[in-house]
Amino acid sequence: MDYVEEQKSEIEALESIYYGDFEIITAKPYKFSIPIKTEDYDPESNTGLLCDLVVTYTPKYPDEEPIVEIENAENFEGSFESELLKHLDEQIKENLGTVMIFTLVSTAQEWLHSKYEADKKNKEEREARKIQELEEAERKRFEGTRVTIETFLKWRQQFEEDFGIDKKRELAEKEGRKLTGRELFMTDNTLNESDLKFLDEGDRVKVDESLFQDLDDLDLDDEDDEDFDPNNYNSDSS
């Protein structure tokens, strides 16, 4: 086989096929560049993949492998380049003995398209899962905490400690004064009994604890009607 003539003939064919894109870098040995890209490549929107396939003929090509390199890659991630070169190397070995550059370029373009579509799909699925997880977390937050007798008593104890209810009750007794309406409501243990009875009937309820976090911000005056009794709604009208 006349390798020089074989190579020259393939160069002429490639110049015709890839007219305007084919670029000869050196003539001895032949080294040339052909750009490959996905169909949706757009540099302005930064979408798609693009790179230059740079090929150098070895003296006995096509009976020996050409040297193939990837240059000027755009939007390649991670191991894209090494994976593409590995894929091309497999194609080179399969086509050894025949001119193969057109086959390599076509194979590279197909690989870029498949890789880009698969990567785009994976990103969309990850984003969808992330949104779903956020929505699930938000739903659980609004559902609140499921309450049993034990968790209610624990929460009630912590609630009273946070608002100093026991201290207010003791202070009022020492000062010999009546508790205000608000204080009566906050210290009324009959509310515990009614709540526990409700829970003991087998119902499981949900409580959003955030509803109680801003209780101090409510417009409740400690100097309201001292005769108010939460268990007797007519007490302040007598």
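Start at 1 and count along the chain as shown; that gives each residue its number.
Backbone N, Cα and C atoms are what each Cβ position is placed from, and that goes for glycine too.
As written in TrEMBL, here are the features:
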{"type": "COMPBIAS", "residues": "216-229", "note": "compositional bias 'Acidic residues'"}
{"type": "DOMAIN", "residues": "9-115", "note": "domain 'RWD'"}
{"type": "REGION", "residues": "216-238", "note": "region 'Disordered'"}
Across the domain 'RWD' (9-115), what is the average pLDDT of the model, as a whole number?
93
Give me the DSSP three-state residue breakdown of the domain 'RWD' (9-115), ordered helix, strand, coil.
39 helix, 30 strand, 38 coil
